[in-house]
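Enquirer: Quick one: the structure is below, and I'll ask about it shortly.
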Amino acid sequence: MAIHKSLFASLLICLLFQISHGATKERLFSDLEKGALEVTAKPSREGVLDAGIDKLSITWKLSSTATKEAEFTTIKVKLCYAPVSQVDRPWRKTENELFKDKSCPHKIITRAYDKSPQSFEYTLERDIPTGTYFVRAYAVDAKDHEVAFGQSTNEAKSTNLFSVQAISGRHKSLDIASICFSVFSVLALLVFFVNEKRKAKIEQSK
Amino acid sequence: MASNEEGSIGTSLHGVTAREQVFSFSVDSSSQTLQSDDPTAKFTLPVDSEHRAKVFKPLSFAKPHMRAFHLGWISFFTCFISTFAAAPLVPIIRDNLDLTKTDVGNAGVASVSGAIFSRLAMGAVCDLLGARYGTAFSLMLTAPTVFSMSFVTGPVGYLAVRFMIGFCLATFVSCQYWTSVMFNGKIIGLVNGCAGGWGDMGGGVTQLLMPMVFQVIRLAGATPFMAWRIAFFIPGFLQVVVGVLVLTLGQDLPDGNLSTLQKSGQVSKDKFSKVFWFAVKNYRTWILFVLYGFSMGIELTINNVISGYFFDRFNLKLQTAGIVAASFGMANFFARPFGGYASDLAARLFGMRGRLWILWIFQTVGALFCIWLGRASSLPIAILAMMLFSVGTQAACGALFGVAPFVSRRSLGLISGLTGAGGNFGSGLTQLLFFSTSRFSTADGLSLMGAMAVLCTVPVAFIHFPQWGSMFLRPSSDGERSKEEYYYSSEWTEEEKRQGLHEGSIKFAENSRSERSRKVALADFPTPETRTPTHV
């Protein structure tokens, strides 16, 4: 009976979470003001950038076409996947509902909104995966709701893209430890096996 | 006139109360010691004529029976942890190795495919070398593959390593084989259910363990892309430790180790070709192959896809999705033993026919809940459907291994192997069909998989034992064919019977009379009964 009660209680709690979450469901990307900010992202060198080493020079300023400027309180700058890096990867999908959208998961910097042009020197983090990217800056109001954005590429997300090569994650010490443990495992087994065969032969000859 | 009240017609009726020994000859304590003068022939638990334990005491570690049980399920548990260790870490791994959905899906298929072959081989290894070495080989020869995750740099390496790690799922066969030789047929459903279920729990525990280990390593300062590689050392290390324990503390058979008993002539070495032929010739093996493919098979598939499903569809955090995924696997702790127990209970009341019905019921109900899981669009309903699905399917796995030990005595190991391989085959097939392409959403894939499982459970109706019957047919009324001895000694040629090689099977046949239903057991004795006895 106690199990039934706790099951019902947990179901109720889950339902409540659903309902409270529903309040944010309607905010759509298509409702945001496009091109409100002019964003540029310049890689520190030509070719494929290395995560953890290379840098991006990011600048953003208010565009002349912006209309909702009065609401801006914070600017959130994020690293976003270009379409080519989203192919056959549904976990990076672009969705219109903002809370579902997974195309801009990497945070670069969050700064309070300032009328003057801003810039930031971003070193690519070591957990950035291999892929092709652009930079987007969301303008957020006091309620932490996005109202406008600007990005370093065009609407089709085809220009001004840059490529990043992730770190491998491998290390020599890991390789050595791996080999040592493996050899130990196989050797131990062989030693046991041979030993027992020998003991059985001795038993038989007795 | 013959009532069903326990013991009402007199104490000469064996088997009616299910609390008495069901042997056709009495076993006195002196016969227990005539087997061998091996010092390990003293038993803490009561044993039958084959020295298999007749009671199951999960909290004991007594040599050799309970120790074999614990070593067996722990080995299997460790292998499940290793095989599915990648699943909860896939969100990190797919970023490090630049994997696509197809890559992830294919690696999932690969992770269960290797075991198709290794489970087959393991059956033969157990029959020929003993369960201890079977388990130790599996654990200690695949530990290097777990460690080699530190070398992987792309989708091909990832797939290859997951494929090789998957070989260790062969411990399932050695574990079930070990318990089947250590425990009597009347309790084998429960024992195999516990061993299998507690081992399968590893698939759930890993969904919690690996993210936790990953977090700890990250806190110690490693980057995510290195931390997940270091995390793999934990399952690898566990495998080596458990392998050593199995070799030092375990024992192949109740009377001693296989090599000792073989050399002293007490256990005859069997020919692999014969063992293989009798396993393959028996059509029941193949029905069990398909059945297990759609109980354990879909369970393995779920282990690979469920965490990602809850993460993506319901937008849960990685840890939360891991907890939900873990609950699926953890239900095994009681669900599979429950299936085995239900099978044993049904056998006491209805004999083998009861076991078959229980198997069909559990598996079909589980599959129906799987269909519901795919349809559920709200989180609480999805979780409820998933839990009911997990109990049904896992109980079916336990119930199936209440039936399997009776299909053959000679080829027991190989049949365990083939059935186990069927599980992996089913998993590979369902992952390939429903979860590796963008043709179906994961939700649709789940429902379709459930529907396919309902269909593929129907063949259980065709399993027929001449001595015990099947779901819809009575046992054979032919005097000779209705005896257990006939069924089990038909696996030996006349020449082999003359040499007395089939003695073990005869003993097993006598012990397996417990699989007759209570009504049929009554017919054995010359008292008025409703059934017309043809062989009184």
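Including glycine, each Cβ sits where the backbone N, Cα and C put it.
TrEMBL lists these features:
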{"type": "COMPBIAS", "residues": "B:499-518", "note": "compositional bias 'Basic and acidic residues'"}
{"type": "DOMAIN", "residues": "B:68-462", "note": "domain 'Major facilitator superfamily (MFS) profile'"}
{"type": "REGION", "residues": "B:499-536", "note": "region 'Disordered'"}
{"type": "TRANSMEM", "residues": "B:71-93", "note": "transmembrane segment"}
{"type": "TRANSMEM", "residues": "B:105-126", "note": "transmembrane segment"}
{"type": "TRANSMEM", "residues": "B:133-153", "note": "transmembrane segment"}
{"type": "TRANSMEM", "residues": "B:159-178", "note": "transmembrane segment"}
{"type": "TRANSMEM", "residues": "B:190-214", "note": "transmembrane segment"}
{"type": "TRANSMEM", "residues": "B:226-249", "note": "transmembrane segment"}
{"type": "TRANSMEM", "residues": "B:286-306", "note": "transmembrane segment"}
{"type": "TRANSMEM", "residues": "B:318-335", "note": "transmembrane segment"}
{"type": "TRANSMEM", "residues": "B:356-375", "note": "transmembrane segment"}
{"type": "TRANSMEM", "residues": "B:381-407", "note": "transmembrane segment"}
{"type": "TRANSMEM", "residues": "B:414-434", "note": "transmembrane segment"}
{"type": "TRANSMEM", "residues": "B:446-465", "note": "transmembrane segment"}
Enquirer: Quick test of the contact rule: Cβ under 8 Å, at least six residues beyond the ends. What residues does that give for the transmembrane segment (B:71-93)?
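Expert: For the transmembrane segment (B:71-93), the nonlocal Cβ contacts are 99, 104, 107-108, 111-112, 115, 131, 135, 138-139, 142, 146, 149, 158, 162, 165-166, 168-169, 171-172, 174-176, 178-179, 194-196, 198-203, 205-211, 214, 224-225, 227-228, 231-232, 235-236, 238-239, 242-243, 245-246, 249-250, 303-304, 307-308, 311, 318, 322, 325.
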Enquirer: Per DSSP, what is the residue tally for the compositional bias 'Basic and acidic residues' (B:499-518) in helix, strand and coil?
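Expert: Counting residues per DSSP class in the compositional bias 'Basic and acidic residues' (B:499-518), I get 14 helix, 0 strand, 6 coil.
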Enquirer: Between the transmembrane segment (B:133-153) and the transmembrane segment (B:356-375), do 3 or more CB pairs sit under 8 angstroms, pairs being 6 or more residues apart?
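Expert: Result for the transmembrane segment (B:356-375) with the transmembrane segment (B:133-153) is no.
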Enquirer: Hey, would you say the transmembrane segment (B:226-249) packs against the transmembrane segment (B:133-153), going by three or more CB pairs under 8 A that are 6+ residues apart?
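Expert: In contact, yes.
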Enquirer: Counting only CB pairs under 8 A, let me know which of B:133-153, B:318-335, B:381-407, B:446-465 has the most with the transmembrane segment (B:190-214).
Expert: B:318-335
Enquirer: So which residues does the transmembrane segment (B:446-465) touch in its own chain, when a touch means Cβ under 8 Å and the partner is 6 or more beyond its ends?
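Expert: Same-chain residues near the transmembrane segment (B:446-465) but 6 or more away: 284, 287-288, 290-291, 293-295, 298, 301, 309, 352, 356, 359-360, 363-364, 366-375, 389, 403, 406, 426, 430, 433-434, 440, 471-473, 475, 487, 515.
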Enquirer: Which range wins on Cβ pairs under 8 Å with the transmembrane segment (B:159-178): B:133-153, B:286-306, B:318-335, B:381-407?
Expert: B:133-153
Enquirer: Using a cut-off of under 8 Å between C-beta atoms, tell me which stretch among B:133-153, B:318-335, B:381-407, B:414-434 contacts the transmembrane segment (B:286-306) the most.
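Expert: It is B:414-434, which has the most Cβ pairs under 8 Å.
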